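Asker: The structure that follows is given in the form of structure tokens.
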Amino acid sequence: MRNVIRRVTTMTFTFLLQSPPLPISPSPPQFSLSSSPLSKTQRFITPSQGSRLRTLCTKVIIPNMQDSGSPPLSYLTQREAAEIDETLMGPLGFSIDQLMELAGLSVAASIAEVYKPEEYSRVLAICGPGNNGGDGLVAARHLHHFGYKPFICYPKRTAKPLYTGLVTQLDSLSVPFVSVEDLPDDLSKDFDVIVDAMFGFSFHGAPRPPFDDLIRRLVSLQNYEQTLQKHPVIVSVDIPSGWHVEEGDHEDGGIKPDMLVSLTAPKLCAKRFRGPHHFLGGRFVPPSVAEKYKLELPSYPGTSMCVRIGKPPKVDISAMRVNYVSPELLEEQVETDPTVQFRKWFDEAVAAGLRETNAMALSTANKDKKPSSRMVLLKGFDENGFVWFTNYESKKGSDLSENPSAALLFYWEILNRQVRIEGPVERIPESESENYFHSRPRGSQIGAIVSKQSSVVPGRHVLYDEYEELTKQYSDGSVIPKPKNWGGFRLKPNLFEFWQGQPSRLHDRLQYSLQDVNGNPAWKIHRLAP
């Protein structure tokens, strides 16, 4: 077994490296590097309209039933769970493989929400002979595609085509299958996550070999917690194996999973779950079923395949860290012009699916050197500088009138990248501000008139009332005048720093500084210690 694991772990399984190369448009539509005036040729940045990365799970907090004032949450009996399955696969037309695929994807999405592959890459899925085991096989396949390194222990294989097909799919991905005999004695040394997919809500009686021994081994891992030794986290699919479906772990000697992924709706035993992470998956319950069984369940936001139930665990902020895995940032590989290098990174961030790639932290200081920061949106850039728009009488506008220097910070988490830019700031010509103002949606134009930015208002209703009044005033489509105190700023860079996160905090930092070379300005690249 150790040789199998050793062979597989020599391969690099990170999400970034498994994904296809990020497409970079040779002629990005968001901006231009033309040296012509901004108002004539530089196209402003617009939000990305699509992404090839989809959110599979979004954290939504639903307080526990025990908490006062919490919303109701339904729990199913064993009989109700079976009836719902029969209804789904009967008159409602669902197939078993369809439900299994959705359930397994929900389990994988829940795991990926909490246990990132950079730190929890080695996953052992222990699968039973029934539908719960099938969910585990599907989850393992999705985890492989998410960048994890799954191993499968499937001691009692089912000969039905559905299950043999799932095995074939995993074989085609070279996912290793490990027998019970080949499992290491100490699971804590070879695995970071163990998926308990042995038994589901239809299980009765006591577990039989080899599952009784496997359950005991998972229970024994909990002893590591008492000795503060590192141990794999346990994720149970729908029911912690060995628990009574309704009464839970009534002898208090069973598996105590770190995560429970309830499917369709939580079963009664989930009331006794005390782990830090409880998720709901299986986004396929039709309204007719919810109404018949009076199901009160949290909503799945957006395109999410799972949703958190209960309060998230308390977090030790000092222990929060990410082990970055990224390509190296080398001097010989970057562009000599930092604006061109920024454009390349910006394109890659857009292609990676960031929602607001142009969001940046703008830091200013007033005449007394008192700093202030806020998030704003970059609206254009070229070799002449980086442009954003605001109210000149706002806090940032006031700071820049007193001290016309600023720093910008872009943070693109999904790529482990940051870019810092510093330099003097000036107002852009009024004509450019006028042109951009009238390119905005009419609602935004009216909003700029309504908002005397950073001034005190007695209530939100004041803004709404003025907005409604102006909307009626300009409902005929007439030109909305740009406020005199509204316009753009341009930062002319004299320093860039490109930061790429790396393992063990040995990050790459390349700084471009503008220097005088033979009477001409030139960019000099230095590597900075992390």
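Every residue gets a Cβ built from N, Cα and C, even glycine.
What Swiss-Prot records for this protein is below:
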BINDING   ASN131, ASN132, GLY133, GLY134, ASP135, GLY200, PHE201, SER202, PHE203, HIS204, GLY205, ALA206, ASP238  (6S)-NADPHX binding site
BINDING   ASN132, ASP196, SER241  K(+) binding site
BINDING   GLU247, GLY248, ASP249, HIS250, VAL325, SER326, PRO327, LYS379, TYR436, ARG440, SER444, ARG505, LEU506, HIS507  pyridoxal 5'-phosphate binding site
BINDING   ARG321, VAL322, ASN323, TYR324  substrate binding site
BINDING   ARG374, MET375, VAL376, LEU377, PHE389, THR390, LYS395, LYS396, GLN418, GLN453, SER454, TRP499, ARG509  FMN binding site
DOMAIN    81-297  domain 'YjeF N-terminal'
MOD_RES   MET65  N-acetylmethionine
TRANSIT   1-64  transit peptide
Asker: Quick check on the binding-site residues ASN132, GLN418: which one has the highest count of other Cβ atoms within 10 Å of its Cβ?
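Answerer: That would be ASN132, with the highest Cβ count within 10 Å.
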Asker: Report the mean pLDDT of the predicted model across the domain 'YjeF N-terminal' (81-297), rounded to a whole number.
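Answerer: Its mean pLDDT is 93.
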Asker: Nearest of the binding-site residues to SER241 (K(+) binding site) by CA-CA distance, picking from GLY133, ASP135, PHE389, LEU506, ARG509?
Answerer: GLY133
Asker: An 8 Å radius from the center of the ASN132, ASP196, SER241 Cβ atoms defines the neighbourhood of the K(+) site; name the other residues of that chain inside it, in order.
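Answerer: Along the chain, the qualifying residues are ILE126, GLY128, GLY133, GLY136, ALA197, MET198, PHE199, GLY200, SER236, VAL237, ASP238, ILE239, PRO240.
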Asker: List every residue in the same chain as ARG509 (FMN binding site), at least 6 positions away in sequence, whose Cβ is under 8 Å from its Cβ.
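Answerer: For ARG509 (FMN binding site), the qualifying residues are GLU497, PHE498, TRP499, ARG527, LEU528, ALA529, PRO530.
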Asker: Given the binding-site residues GLY133, GLY205, PRO327, which one's Cβ is surrounded by the fewest other Cβ atoms within 10 Å?
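Answerer: Fewest other Cβ atoms within 10 Å, among the binding-site residues GLY133, GLY205, PRO327, is found for GLY205.
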Asker: Which Cβ among the binding-site residues (ASP196, ASP249) has the fewest C-beta neighbours inside 10 Å?
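Answerer: Sparsest of the binding-site residues ASP196, ASP249 by Cβ contacts within 10 Å: ASP249.
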Asker: Starting from the substrate site formed by ARG321, VAL322, ASN323, TYR324, give every other residue of that chain whose CB sits within 8 Å of the mean position of their CB atoms, in sequence order.
Answerer: GLU118, GLU119, GLY501, PRO503
Asker: Compare all C-alpha positions of ASN131, ASN132, GLY133, GLY134, ASP135, GLY200, PHE201, SER202, PHE203, HIS204, GLY205, ALA206, ASP238, the record's (6S)-NADPHX binders, and send over the largest distance in angstrom.
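Answerer: It comes out at 21 Å between the most distant Cα atoms.
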